[in-house]
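Per TrEMBL, signal peptide is recorded for 1-18. The domain 'NADH:quinone oxidoreductase/Mrp antiporter transmembrane' annotation in TrEMBL covers 23-288. TrEMBL lists 57-76, 96-115, 152-171, 178-196, 202-219, 239-258, 278-298 with the feature transmembrane segment. Sequence annotations record features per position, and here TrEMBL assigns domain 'NADH dehydrogenase subunit 2 C-terminal' to 290-343.
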Amino acid sequence: MNPHAKLICTLSLVVGSSITISSNHWILAWTGLEINTLAIIPLISKSHHPRAIEATIKYFLTQSTASALVLFSSLTNAWSTGQWDITQLSHPTSCLLLTMAIAIKLGLVPFHFWFPEVLQGSSMITALLLSTLMKLPPITLLLMSSQSLNPTLLTTLAILSALMGGWMGLNQTQTRKILAFSSISHLGWMTIIITYNPHLTLLTFALYTVMTATVFLSLTQIKVLKLSTMLISWTKTPMLNATVMLTLLSLAGLPPLTGFMPKWFIIQELTKQEMTPTATIIALLSLLSLFFYLRLAYHSTITLPPNSSNHMKLWRTNKTLNTPTAILSSLSTSLLPLSPLMITMF
């Protein structure tokens, strides 16, 4: 892909996200979403592989449908109330349509089918953008309109997302699909608390972004696209392999790693809201992803696959941790002692 075209697409992503995040008017927010969609499409299809083209078409169709629903929801609300402000969403049909539109854009269950397929057809860096930056504008819209939406519906979508994200990740062998279902599961945790404590949703998204960026950048360096490659990657890059394993366990929420912090705070907040059964259910559902990541770490670091080499470890490691990955990996694994400070900030 032409470097100038890549730069233009990347800048357009930043501009589109900034427009949506900073706007209070529905038309401006919709414009930012459309800029984002048009900017990410060339990045998904840049390899010209049939799988990439298929992923591009799937992404375009789902995002176009979601954007049309956002526009229709805002028009319906403006027609009945005369308000174009994002925070003044009061029409019941508009609230339902907006919930559906944002669920499609985020990939919440039952509108999640496009997300793993699109990530599988994208490059690692594009998949990182789809999993982090492209989630920020819809989450912002959800934050701004959360007081108008049905909390029972949001809780149902969140629990289903946590269930399917852990369950469907159990039998995956492609790293991008594993991270896609991990993203769906984390979106369930963000959605379940958004009505009661929006700042906690922002904290969860920030930590999720750090951990996901660590995994994607590490996998890009060691060129791992499937589990069979990851199982023998320790012979070439032992440090990066250990980093990926620790970050995956952090994503699963295993204490004392960073990923345990947002889940701990969310369960605590749900208990304060007298939603103890809901907190219990979503805590139990997180065991699905924890089991999978523990099994993956066990097979990658403790057991040894068949190896034709006479030496267990290569005499030279050709990859090392670069500075951004090292910083992100440190944040992904060691922020739990700063929990009191983090909860004060958010």
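Each residue's number is its place along the chain shown, starting with 1.
From the backbone N, Cα and C atoms, a Cβ is placed for every residue, glycine too.
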Notebook entry, point to check: If you count Cβ pairs under 8 Å, which stretch among 96-115, 152-171, 178-196, 239-258 touches the transmembrane segment (278-298) the most?
Noted result: 152-171
Notebook entry, point to check: Who are the long-range neighbours of the transmembrane segment (239-258) in its own chain, taking Cβ under 8 Å and residues 6 or more past its ends?
Noted result: 182, 186, 207-208, 210-212, 214-215, 218-219, 221-222, 224, 230, 233, 286, 289-290, 292-294, 296-297, 300-301, 317, 319-321, 325, 329, 331-336
Next item on the list: Using a Cβ-Cβ cut-off of under 8 Å, list the residues of the same chain that are 6+ residues beyond the ends of the transmembrane segment (178-196) and lie near it.
Entry: 106-109, 112, 115-116, 119-120, 127, 131, 135, 139, 142-143, 146-147, 149, 151, 154-155, 157-166, 168-169, 172, 204-205, 208, 212, 215-216, 227, 251, 262-263, 266, 269-270, 273, 278, 282, 285-286, 289, 292
Item checked: Long-range Cβ neighbours of the signal peptide (1-18) (under 8 Å; 6 or more residues past either end) -> 32-36, 38-40, 42-43, 46, 129, 133-134, 136-137
